[in-house]
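Colleague: Okay, so TrEMBL annotates it like this:
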- 30-53: transmembrane segment (TRANSMEM)
- 43-296: domain 'G-protein coupled receptors family 1 profile' (DOMAIN)
- 65-89: transmembrane segment (TRANSMEM)
- 95-122: transmembrane segment (TRANSMEM)
- 143-168: transmembrane segment (TRANSMEM)
- 203-222: transmembrane segment (TRANSMEM)
- 242-264: transmembrane segment (TRANSMEM)
- 276-297: transmembrane segment (TRANSMEM)
Amino acid sequence: MNTMPRNFSSLEINDEIDKSVSDIWIQIEFFLFLMGQIFAIPCYLFVMYHILAHRTARRALHNHVIIMILLYCFLDLIIDLSLTMSYSLSKSVPLFSPILCLTWQFVDYGIWYGSISLMLWASIERHILVFHTKLVRTSQRRLLFHYIPLIFFSLYTPTLYFYLIFIYPCHMAYDDKTIRCGSLCYLKSAPIWFFYYDILTHYVVPVLLVAVFSAILILRFLKQRSRLKRATKWRQCRKMIIQLGLVSISYIVFDLPYIIIVIVQSSGHPEFGHKILSPYISHMVYVPAIIVPYAILKHHA
């Protein structure tokens with residue numbers, strides 16, 4: 001059986017609670033995330049209602065990817081974050097059952113990776129909607145350059161992990177004393193290349209590309225703002241770019257430390273950052289799900 005080092009077999013491996021972490025810190029972290037959830041949930045509902053209830057906002061192309069990002073982040077907030085924090089506090093899986101375990105794993109992998117994939121597409125599509133609008137002027141072009149990519153980035157990782165978690169033929173040993181009820185059963189027989197493909201294709205590379213495409217978008221906007229100011233949609237373009245910038249920054253700031261540690265660990269230094277990774281760094285990846293609705297609300301175009 002081919003296996004990867006424990007520290008690199010996807011995200012689940014690094015967020016077990018280190019025994020050296022004080023109970024006080026765990027309680028503080030639980031309280032902070034709980035407060036974040038309490039305030040973020042009504043913000044999600046308000047923003048989603050505002051977009052979906054108004055025909056113009058609902059039909060605007062730039063809002064379609066935003067709707068999907070909101071949906072995926074909301075699921076991650078109310079399911080994955082809630083269960084993770086409850087586990088951190090009690091050291092056991094709440095409401096333990098096979099269906100809950102599988103749902104938790106699916107949201108943690110398929111939906112969470114899906115939100116990152118959608119962020120990547122949003123950072124690419126903004127270039128099209130701001131600087132290359134002719135690519136979406138006709139229905140055929142909108143299908144090719146808007147709807148097909150949106151469907152792909154929305155469904156790729158959820159479909160993949162639905163198969164791996166619910167359909168893949170393997171035996172899952174459920175453990176209520178382990179986060180997410182234990183390792184995904186397919187990991188026991190997965191080839192070594194899949195671990196690299198998983199973490200690089202679904203997480204590391206997309207987050208880095210989000211940073212690159214967002215930075216390029218801002219630079220292009222600053223360089224061409226005099227021309228764009230003469231356009232009738234100057235205000236909307238500016239809002240779209242600021243909105244993407246705020247959401248992108250939340251992912252970059254809170255995911256990049258984790259990515260750096262994972263890359264260094266996978267390069268032959270398995271102990272690098274181990275003492276700060278769990279839970280100080282690994283749980284930071286949940287923060288964007290709390291910030292996203294505020295960033296979208298602040299600059300909703």
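Glycine residues also receive a Cβ, built from the backbone N, Cα and C atoms like all the rest.
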Colleague: Averaged across the domain 'G-protein coupled receptors family 1 profile' (43-296), what pLDDT does the model get? Just tell me the whole number, please.
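Modeller: Looking only at the domain 'G-protein coupled receptors family 1 profile' (43-296), pLDDT averages out to 91.
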Colleague: Between the transmembrane segment (203-222) and the transmembrane segment (276-297), are there three or more CB pairs that fall under 8 A, provided the residues in each pair are separated by 6 or more in sequence?
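Modeller: Judged by the Cβ rule, the two regions do not touch, with the required three close pairs absent.
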Colleague: Do any residues of this chain, six or more beyond the ends of the transmembrane segment (30-53), have a C-beta under 8 angstroms from a C-beta of it, and if so which?
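Modeller: Distant Cβ neighbours of the transmembrane segment (30-53) are 63, 66-67, 70-71, 73-74, 77-78, 81-82, 85, 88-89, 283, 286-287, 289-290, 293-294, 296-297, 300.
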Colleague: Does the transmembrane segment (203-222) reach the transmembrane segment (95-122), going by 3 or more CB pairs under 8 Å (6 or more apart in sequence)?
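Modeller: Between the transmembrane segment (95-122) and the transmembrane segment (203-222), which are separate recorded stretches, there is contact, as judged by 3 or more close Cβ pairs.
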Colleague: Which range out of 65-89, 95-122, 143-168 gives the transmembrane segment (242-264) the most CB pairs under 8 Å?
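Modeller: Maximum Cβ contact count belongs to 95-122.
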Colleague: Which bits of the chain, at least 6 residues beyond where the transmembrane segment (143-168) starts or stops, bring a Cβ under 8 A of a Cβ in it?
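Modeller: For the transmembrane segment (143-168), the far contacts come to 61, 64-65, 68, 102, 105-106, 109-111, 113-114, 117-118, 120-121, 124-125, 128, 135-136, 184-186, 202.
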Colleague: Report, as numbers and ranges, every residue of the chain located at least six residues beyond the transmembrane segment (95-122) whose Cβ falls under 8 Å of a Cβ in that stretch; write 'none' if there are none.
Modeller: 10-12, 65-66, 68-69, 72-73, 75-76, 79-80, 83, 149-150, 153-162, 164-166, 172, 174, 176, 180-182, 184, 202-203, 206-207, 209-210, 213, 244, 247-248, 251, 289
